[in-house]
Amino acid sequence: MIKAWTPDGWRAKPIEQVPVYTDPAALAAVEERISTYPPLVFAGEARKLKQGLARVAAGEAFLLQGGDCAESFAEHRADNIRDFFRVFLQMAVVLTFAGGVPVLKVGRIAGQFAKPRSAPTEKSGDIVLPSYRGDIINGIDFDEASRNPDPNRIEMAYRQSAATLNLLRAFAQGGYANLDHVHQWMLGFVGESPQGHRYQELADRISETMDFMRACGVDADTVPQLRSTDFFTSHEALLLGFEQAMTRIDSTSGNWYATSGHMVWIGDRTRQPDHAHIEYCRGIKNPIGLKCGPSLSPEGLIELINILNPDNEPGRLTLICRFGADNVADKLPALVRAVEREGRSVVWSCDPMHGNTIKAASGYKTRPFELVLREVENFFAVHRAEGTHPGGVHIEMTGKNVTECTGGARAISDADLKDRYHTHCDPRLNADQSLELAFLIAELLKRDRREQARRKPAAANA
């Protein structure tokens with residue numbers, strides 16, 4: 001029998017990746033205040049995203065999820081949000097055209113502040129301090145004052161999320177997402193990229209389609225959908241005290257929702273079935289993501305699916321696979337077969353970032369672009385072989401041209417990393433690399449469309 005759920009039930013469970021606050025009373029006071037603040041998102045928006053994800057699970061849409069590794073207070077500026085949104089829209093247009101299906105746009109933004117760490121402390125010389133866990137918890141500077149977890153940062157993160165969401169809603173609905181604008185930005189990228197000739201054919205086809213639509217009287221002036229878009233937010237549900245404070249009852253349905261973001265996910269380090277993070281997420285009605293790494297067995301995955309989605313609701317659960325480029329072919333097929341055997345409805349998404357992190361000779365942590373691309377290619381290949389739908393990608397990216405991941409069309413080298421290495425945590429794809437990845441995924445989507453078109457006549461004649 002499933003135990004009744006309450007927003008604070010997680011507190012009775014074991015928990016991983018939790019910061020140690022020196023003043024529990026101050027933490028409780030902050031959480032109490034936040035519980036009275038307005039929601040950041042609404043239940044109806046989360047339900048709309050879940051409906052879209054149900055289409056992804058059915059093979060009728062594609063999920064594009066991406067954004068910062070960890071948002072920071074220092075880089076909270078309108079131009080950073082705008083530049084991310086601009087690149088993200090271009091990626092979505094390329095994928096929509098290539099896949100011939102709607103693309104759900106879900107940002108790692110307006111809440112992606114907390115990060116799990118491999119060790120609770122960090123040592124420099126003879127000094128040992130708590131690890132940096134994201135701006136919502138502590139500061140990145142290596143001194144005791146910065147690294148001591150500070151409850152007041154939670155309120156700062158709430159306010160920054162609210163301001164970010166306000167701007168994103170304006171961008172999405174106020175004309176900035178006009179398809180004509182996005183198309184022109186994309187053409188600029190193709191024209192300036194050293195590998196632009198590879199993407200020119202697809203860009204030309206999009207241009208021809210846009211010209212045809214205008215000739216038929218279909219443009220942003222006559223069709224409102226061409227000048228606005230739906231955009232959703234997501235983050236890892238790691239700091240559960242904050243998540244509990246933002247968990248509210250939806251007055252229209254009587255169900256509990258996390259109002260800190262439209263979608264939240266459970267990390268690979270916090271997915272123990274009898275622990276706090278699974279306990280919290282099983283009770284909220286938002287769409288949930290589950291990171292699936294190399295240590296997850298088929299039996300363990302089915303156990304987690306049974307806990308998180310016992311009713312097998314389409315769109316409820318997204319499996320975000322993060323194996324590393326060389327492990328996909330060995331690890332993913334068994335998980336896919338187990339889910340298919342049990343008849344479970346899930347979205348399969350590829351995180352090609354976290355399994356491909358290396359330390360460069362220069363000492364910087366980086367992710368080679370060729371490994372990122374290879375993981376995506378191997379992910380698509382497995383689903384092609386299994387007859388299942390490669391439903392999406394989940395990437396860490398920025399709208400700026402930083403130098404954090406090596407490779408790509410501009411061939412960022414190990415020596416280049418020092419030029420613009422700005423991340424507070426893990427390396428991100430820059431604007432050019434993100435768009436390049438979208439064009440390369442578009443080629444995979446086109447190949448799948450052609451194969452599906454060939455199979456349909458054969459199935460009809462069988």
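Every residue, even glycine, has its Cβ placed from backbone N, Cα and C.
Just so you know, TrEMBL annotations are computer predictions that nobody has curated.
From a predicted model like this one, the values you see are computed outputs, not experimental measurements.
For Glu396 (Mn(2+) binding site), the number of other Cβ atoms no farther than 10 Å from its own Cβ, over all displayed protein chains, is 26. If you look up TrEMBL, you'll see Cys69, His354, Glu396, Asp426 marked as Mn(2+) binding site.
Per TrEMBL, the feature phosphoenolpyruvate binding site maps to Arg108, Lys291, Arg322. In this view, Lys291 (phosphoenolpyruvate binding site) is surrounded by 23 other Cβ atoms within 10 Å of its Cβ, with every protein chain counted.
Candidate binding-site residues: Arg108, His354. Fewest other C-beta atoms within 10 angstroms, His354.
Annotated pair Cys69 (Mn(2+) binding site) and Lys291 (phosphoenolpyruvate binding site), C-alpha to C-alpha distance, rounded: 15 Å.
In three-state terms derived from DSSP, Lys291 (phosphoenolpyruvate binding site) belongs to an extended strand segment. For Arg322 (phosphoenolpyruvate binding site), the count of additional Cβ atoms within 10 Å of its Cβ stands at 23 [all protein chains shown]. For His354 (Mn(2+) binding site), the nearest of the binding-site residues Arg108, Lys291, Arg322 in terms of C-alpha separation is Arg322.
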